[in-house]
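Structure first, commentary second.
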Amino acid sequence: MRQELVQSPHGSQRPGQRRGSTASSIHSIGGSLDAGVNSSEAVFESGQNAISTLLQPPIVRTGLLPHTAPPASSAHRPPTARDIPPVALTNIPHVEASEFTPYLSQVGALYEQLRRIQLDEDQGTNTAYRRGTKPDEYPEALDDAHLRPGRRPGLSSRRTSTASLNSLSSIDTTPTTRRSSSRQRRGQAQGPPPLSTIPAVYFDEDFHLENPRTFDVVSERSEVIRPTPGSNEKGSSSNGQAAAPRKALATNAILQEKLSWYMDTVEMHLIQSISTASTTFFTALGSLRELHSEAADSVERIKALRKELEALDEEIATGGLNLVQQRRKRESVKQLQDAVLQLKEIVDRVAVCESLIDAGQVEESLDCIDTVENLMAGEAPSTSQMAIQLRDLRGATALQGVSTDLATLRLRIGKSYEAKFLDILLTDLKTHVEQVSPQEVLMRWSNASARTRGAHSREPSALPAYMTGTKAIRAELLSSLVGLQRAKYLTAAATAYREAALREIRTIIRKQMPSSNEDDNESLMSTSTRTGGKQRSQQERSIILARNLRALDPQDAEQLLTNMYIGVSEALRRLSTQAKVLLDVASSIGESGVPSGARSPLQSPPFSPSARQASGAAQEAQEEIHLAVDIANLLGQAVDVAHEKIVKVLRVRSEQSKRLDLVWFLRYFTLNLHFANECEAISGRSGTTLKTVVNGHIKDFIQYHGDAENQKLAQGMESDQWNAADFSDKDTEVLGQLLESSTRDAAAWAEASQIWVPHPDTQKSGEEIDPLTTQANGTSKAKTRSAVVESESFLLPNSAISCMHGMARFLHLMAAIPSMTSEISASLIAFLQLFNSRCTQLILGAGATRSAGLKNITTKHLALASQALAFIAAIIPHVREFVRRHCGSVTAAPGVMGEFDKVRRAFQEHQNNIYDKLVEIMSGRALAGTKKLKAVNWDQPSSGAANEYMETLVKETTTLHRNLTKHLPEDTVRMIMMPVFKNYKDTFGAAYQGLELKSEQARERMLQDVEYFKARLGKIDGLEDAGDHLVSVIKKMTAPPPPPMPEAAPQLPSTTETTNQTEEGKKSAEDKPAESEAREGTAAQTDKKVEGGDASKA
């Protein structure tokens, strides 16, 4: 059987109270006698939780069966000594008490907290017991004539809840030993058992014994009819085990005893409650009777009082009320009269306001309107002496039309002030645009652009023009703003100002356009005749305007764009200034002590916020202006409108823009760049459309400029006579710019960006003088100056000077547009490659004989071509460094630098080809000399200092050395002459060895020729041992023995033959230069195919 545990006030535990022989039965029906115990709380802080207790079998609820006698069907068998294994005893180690200190320190706090909670609950239990013993609380147990058991909360509430348990105070203080039945009866004699011992089913509101479930609980599942002995329906439970036997209802004496005990308990509680409440009940009943008698007396007195009040009402109250009503009626009539007079005054003043507006007195009309509104609101005007009482009539039906009339009058006044307001601002805007200095604006743009690039520019001390001259309009703006605010038209006026500003931007652009008529010089008669006829359509006018725009020359086009850009930008700047002035003037609204125009926004610093506190009207006006104008958005829209119009103009002139001269185009680019930067600084918008169009023009111009420079160079080189040209001071200046470009840009290149300076009128087209058109063709006898690059002088033809000027123009373009360095560098490289290839075709390929009319290509032409190539190759490293400085892209720079290196190597290879060509020409001359050498009759006596072949060879070699020395450096001359003399040594040495020496006289003639060779060419650097080698070769030749002398005298040559030989020698001497030139031309033409292949390869 399960024992319920009850906590004593002192924390001890005791078993629950039972009623002797019926305890188990009562527990089987309703649980424990203490119904307040919660069955879900099975384990508490401490209790009978031993292992032997837990092993006890469950209580059989159908009868009293001891736990030691389980049912026959149960398979449970108590353990015996054999079933329990022996326990090996071990020595218990001694543990010091100090080792439990950490555990006790942790658990101690929790245990003390538990003790405090238990003490608090015990105190609450005692308090509840003392409250439960009061006699006036027993009636609370009655509800709808039903007895209710105590509450059934958990263990903690059982100690403090029901009055029945409180009555067992003597039991709560007993020890925890099991009580005998006699002891319990003595305890019950002290008071009735608690209602909680009765099962809760009896107290249910829906208790009906005919309900099978209720009956089953009340009868404790007793059987009404015994089952037949053979039936096994209830013999086993659902799990296959034998169920406990059920008792018969007719023979269940314990059940009958319990029912009797329940009734006795209820009866005892009823008797106790009635006895307790009887005294209070009769006392209350007596009090109720006294109260009833007093109420009846009060009713009688109230009836008498009412009769007296009715009499007083008839005599005094009714008369006084009539008097009050009459007085109120009189007041109402007086108020109506005042309202009518007030209404009449309002109507009259509205008419006065309208007449003032018609007369143009807007300020007086505003005062009148304010007076009318005050009258409508019931406020007396300061100048009026009205003796009536005013009231608020704004909700009156009669004044609904007046409010509309006042709104209309305010609208008319607002329109008037708006016209004045717009006239002040637009006039100021137009005046500023017309009077501003273009040079000042352009210089300001240039300084701002220089600051963005990191350059230092001196700022002007004075304020810019768009920030000055605002003092004159402040007084006018103040009166207009005050009137607009009073007319409640400030927002509409600010919106109108915004729209008018956008229209003005369009007008500024349209005013600068050329005429859209067919001819600006049309006669008045034709104009009047056309006026009467059909007007041109919009498309026709657009076509005419586009044609007139394309017809503008560069100067007129630049002036058109300059005026347009300056007008738009200055208008935008002035708009921003006006917006600041408007906000500053609006802050003065509502001030009485500040005279008009006393405050200027252009103090130091300009437009600084005032230290004074703006009035409410001023703040409201500033807010309206700020929201309506929205200057940031206005400037952005104005910039978009201006860019839209300007882009159309630029697209119409796209073809003309890309064909401009270099200086004109750089001025065009700079002007557009400054304007785009100015618009971005004003509005914060990048102007992508305008920049895209201008960038397209830049790319087209770079392509066109490269093609034009290539064409100019090719035409100039084809017409060049390849004579040494004078390197003028202008050429020296350009060369200096190229040489210093490796470290810094030339100052002259920045002049094209100074668009405030008029374009130079030199040559009336701004083009430089082409050196190819001013060449002297070799007829001038003035001293020819040479170019100097790093202490090395170059005597140059006009083609090289023209190429130098072309390179300078390319660098000028790069310096002005650094962002396009890669594209311009590609054009420059193509330009240099063209110079190299054309030089190859004209000189090595003998193309100049056809294009320039040269008879042949001489060594002088080859030397000048070599100098030209060396000169350009010397400049290329400086150009390469310039490009590297301006090439912003790190990835593109190495590729461009490599291309310049390739071009320079190509120039050097071309030089080597020219040097080889010179050696090859002289080798051909040497071969021609050997042929003549073999035809000489060496046995005949010599008629001169040397034979003809040697004289020709010496003369040609001297001429070559003279031309090379004039045009080439000494080292280069020596480098060319050494292989020439080596070829002489090998060629003539082999020729001499191949001769048959017939006599010593022939040896002497040969030695005479070699000595002449050494004497004439011995001073030339590079000869070395060529003469000595030839002497040794001749001396080593063996001669046959001399034949016997004939007896007959030798026959002398005839006079005629000698004379002819002499004349032929003279003629040969005279024609040697021409023959040499002819041979050079023949050799050049002979090697034309090979050289042409070299040129195409280059």
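Note: Cβ is positioned from N, Cα and C throughout, glycine not excepted.
Note that this is a predicted model, so its numbers are computed, not measured.
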288-315, 456-483, 904-931 - the range that TrEMBL marks as coiled coil: 288-315
Same-chain residues near the coiled coil (288-315), Cβ under 8 Å, at least 6 residues beyond its ends: none
Within the domain 'Vacuolar protein sorting-associated protein 54 N-terminal' (257-361), residues counted as helix, strand or coil by DSSP: 102 helix, 0 strand, 3 coil
Overall pLDDT of the coiled coil (288-315), taken as the mean: 89
